[in-house]
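J.: My structure is below; once you've seen it, I'll send some questions.
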Amino acid sequence: MNAMDNMTADYSPDYFDDAVNSSMCEYDEWEPSYSLIPVLYMLIFILGLTGNGVVIFTVWRAQSKRRAADVYIGNLALADLTFVVTLPLWAVYTALGYHWPFGVALCKISSYVVLLNMYASVFCLTCLSLDRYMAIVHSLTSTQLRTRGHMRASLTAIWLLSGVLAAPTLLFRTTVYDVETNRTSCAMDFNLVVSQPGQETYWIAGLSISSTALGFLIPLLAMMVCYGFIGCTVTRHFNSLRKEDQRKRRLLKIITTLVVVFAACWMPFHVVKTMDALSYLNLAPDSCTFLNLLLLAHPYATCLAYVNSCLNPLLYAFFDLRFRSQCLCLLNLKKALHASPASSLSSQKTEAQSLATKV
């Protein structure tokens, strides 16, 4: 195994793996990555754990005034929270030069959670967009469809589908020990399904392209169609002076921002991954220079994708007055627990619930 193979021990929990494609190339990792990437991972971990925890608690507390959008946002935060708790493992992995000391089980589970988060996040955003589409474009006829029962069914479908699509990671991800470097990597191993040389190439390319199509391109296209119709309806029919329409505009602005930020964070990751997959199929350049560029860009594209998991709570706080108010009430409640009697706690809770307005 040469320098390139050592580096491509699948240092991130997706289907990106250039060991076959670039076995004749020499590659030297950019040394600052071993220090910079772990620091970024831990920063995302701290911000994501705190921010998404606050979002989940805020959504949970306002049960009586909870909007459909709040439920999807709560599940989006749950997906992000589940993912960020694995980041310390990946930080250690990178800091040790892509050596995995945590065993096979954590290798499989933490890799699975990363893809589960990717699918669940984009599906939650898609359902948010569809909910806004039904509420705005078909406001008079969508009442029967936008019920709690349908919402629960869609959430069940989101998590089941996400779990199934991420399942190949549980099957193929394992630890691989390299005698030459004395390192154990958390990598994809297709020996269970590969019987002839060259078949692994199609498995890697197929899984990579399908995950990008199902976990990014198709949902993003669906969301763009929704917002196209929404934009036309808002332009024609919304009255900027009506309070109900103002609330709908604010919520629409928040959700649109979430979608745009998600696309911006994940697009470089999917571009790098897709170009790598296409090079396997001889549909993209396979020169050492091009492959080295992909390998150098991949950890940072991955890191940018992970940043999305800590940005959403900041976006809620910046754009959503309702969310900010509830967070302030939450802080006041904590103070009241230490400084006020039970009556103060009750009044604070009533104030927090009164801030919620259905849209």
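Glycine is treated like the rest: Cβ placed from N, Cα and C.
It should be emphasised that the depicted structure is a prediction, and the values quoted were computed from it without experimental measurement.
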J.: What does Swiss-Prot give as the disulfide partner of Cys186, choosing from Cys107, Cys265, Cys288, Cys303?
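T.: Answer per the record: Cys107.
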J.: Per Swiss-Prot, is Ile73 on the side of the membrane where Asp320 is?
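T.: According to Swiss-Prot, which assigns topological domains, Ile73 and Asp320 fall on the same side of the membrane.
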J.: Once the chains shown are all counted, how many other Cβ atoms turn up within 10 Å of the Cβ of Cys288 (disulfide bond)?
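T.: Taking every protein chain into account, the count is 14.
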J.: Is the transmembrane segment (37-57) in contact with the transmembrane segment (287-307), using at least 3 Cβ pairs under 8 Å (sequence separation of 6 or more) as the test?
T.: yes
J.: When neighbour density is defined as the number of other C-beta atoms within 10 angstroms of a residue's C-beta, which of the disulfide-bonded residues Cys107, Cys186 has the lowest density?
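T.: Among the disulfide-bonded residues Cys107, Cys186, the lowest count of other Cβ atoms within 10 Å belongs to Cys107.
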J.: So which residues does the transmembrane segment (214-234) touch in its own chain, when a touch means Cβ under 8 Å and the partner is 6 or more beyond its ends?
T.: 115, 118-119, 122-123, 125-126, 129-130, 132-133, 136-137, 165, 249, 252, 256, 259, 263, 266-267, 270
